[in-house]
């Protein structure tokens, strides 16, 4: 009897295991949402530089101003394919939240951080990390001095490229203004009569 009972229990156990292995629950969502493509605006830009770093901002609004860590992630230099503008973009790891987002301008200057050969400090008048433009004093630190130098080299290349672009743009504007001035002067001269023309006409009529 004991052997028969054990055999029966083994059969029940194997049956339960078989049922569990065959059981494949599928949960259908209550509401099916269509997949949406999320654009980051990076689709229209060319990646010129990418490197891992840590970003800081100077919290001057605090009672005791100090450097605050903004996040660690990949810092990128991105050039717009049509407009030619170049911006610095950095997102935090995992969350991908933006911690730096501003255009490179000719006036920007990377300055070495005191006591470190792998960190730079610079000012930006309009950083859009918090969506609203805000003036910030930022600092970025790399793994080593070599990486920091690579960033500076590319940053300077971008800054000079934007500077040249703006010079060409201002030159075109100056040329356009000169052409307009000449056309205006020409139209005025055509509309004016010589001073001796009027008396001559009067004499002929007499």
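Cβ atoms are placed via backbone N, Cα and C, with glycine included.
Here Swiss-Prot flags 1-26, 162-184 as compositional bias 'Basic and acidic residues'. As annotated by Swiss-Prot, domain 'RanBD1' applies to 26-164. What Swiss-Prot records for 2 is N-acetylalanine, and it gives similarity to another entry as the kind of evidence. Taken from Swiss-Prot, the feature phosphothreonine applies to 13, supported by similarity to another entry. Look at Swiss-Prot and you will find 21, 60, 187 tagged as phosphoserine. Feature annotation from Swiss-Prot assigns N6-succinyllysine to 150; the stated evidence is similarity to another entry. Look at Swiss-Prot and you will find 150, 182 tagged as N6-acetyllysine, backed by similarity to another entry. The region 'Disordered' annotation in Swiss-Prot covers 1-33, 162-206.
When pLDDT values are averaged over the domain 'RanBD1' (26-164), the model yields 92. Distance from the CA of residue 60 (phosphoserine) to the CA of residue 150 (N6-succinyllysine) is 29 Å. Taken residue by residue, the domain 'RanBD1' (26-164) breaks down under DSSP into 23 helix, 61 strand, 55 coil.
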